[in-house]
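Feature annotations, courtesy of Swiss-Prot:
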BINDING   K9, T168, D169, T210, G211, G212, M213, L214, T215, K216  ATP binding site
BINDING   S49, D136, N148  substrate binding site
DOMAIN    275-355  domain 'PUA'
Amino acid sequence: MKAKRIVFKVGTSSLTNADGSLSRAKVKEITRQLALLHEAGHELILVSSGAIAAGFSSLGFKKRPTKVADKQASAAVGQGLLLEEYTTNLLLKQIISAQILLTQDDFADKRRYKNAHQALSVLLNRGAIPIINENDTVAIEELKVGDNDTLSAQVAAMVQADLLVLLTDVDGLYTANPSTNPDARRLEKIEKISSELIDMAGGAGTSNGTGGMLTKIKAATLATMSGVPVYICSSLKSDALLEAAEESKDGSLFLAQEKGLKTQKQWLAFYAKSQGEIYVDQGAADALRNNGKSLLVSGLVSVLGSFAYQDTVTVYEDGSGAILGKGRVRFGKSSLKDMLKSNKPKGVVIHRDDWISLTPELNDLFAEF
């Protein structure tokens, strides 16, 4: 099998006992399979939940806490204990692991994004296995990624992985809930993530974690748009990681877009915060939507918000109000207003290289980014 750069995401339900505590046996089994893949030449990243599960009992909690402060304290204790389990097991196989804790700001801030990418690249090139989790102890709501499905997709896109594997307690995406509907059918291959597919995914996860199938669809959307295929499978089957690396037929495979978004386009689509709104006429909307053109001053109808040079704005079609996309402007709001007063306004407001087209469905799906 060809060596791949693979990002594995392991959820809380795949790491815990029935009482919600960390299962050392499950961690050991995961590291055994990681070691075999590492020895086969694969570059591996593990995005692992489980910090709260590993730490809450040490603080005297009888069960997994629900209050934010209690969960953050449990994560602070558990993160070290969880990493110790991974590190000890991997060292027995002469494999170095590294801990990286991230927040949403590490993706939204271009400088920090670059630093994280460089650190991961060095670790992979040196044969280490980075073990990543969200920094639950310090992350405030505005900086939270929210779930490790999304975090793993962000990491996979960042490092341009060959495959993202989401390990869970179900063996893929079904047409209905397989536990309640005997006619539910597993989808083995998904070529396009449609709005119907998103609706079908619904919500609902397990009590020990935060992610349901809908978060996995969101993660798959982000990754496949960035050129990374996604495989959802069950961690409960033996050799689940080994089989997932070969994309066996025991899960659901989401095919990557042929032309995945480059780093700049990823940042615009998923992380750049919009500072204003621009409304354009139908001609400009058609040029942006269908012809791959830049946005010219002559196509502007109105500008709203407070934005400066190089800020990101959202562009809509005037009249219909339909979202067209986001881009980085070459003029601030005041300059654009002055230019619009001219009889023949000229200039490029957003160059095509600084533009990403968005559908309403995609905009809604990633609204919290």
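Each Cβ is built from the backbone N, Cα and C atoms, and glycine gets one as well.
Counting only same-chain residues six or more apart in sequence, the Cβ atoms lying under 8 angstroms from the Cβ of K9 (ATP binding site) belong to L46, V47, S48, N148, D149, L151, S152, L164, V165, L166, L167, A219. When secondary structure is read from DSSP and collapsed to three states, M213 (ATP binding site) falls in the helix class. Across the structure, D169 (ATP binding site) and S49 (substrate binding site) are spaced 14 Å apart at their Cα atoms. Of all the binding-site residues given, namely S49, N148, T215, the one with the smallest number of surrounding CB atoms inside 10 A is T215. Across the domain 'PUA' (275-355), DSSP classifies residues as 23 helix, 30 strand, 28 coil. The DSSP secondary structure for S49 (substrate binding site) is coil. Each of the binding-site residues D169, M213 was scored by the number of other CB atoms within 10 Å of its CB, and the largest score is that of M213. The CA atom of M213 (ATP binding site) is located 16 Å away from the CA atom of S49 (substrate binding site).
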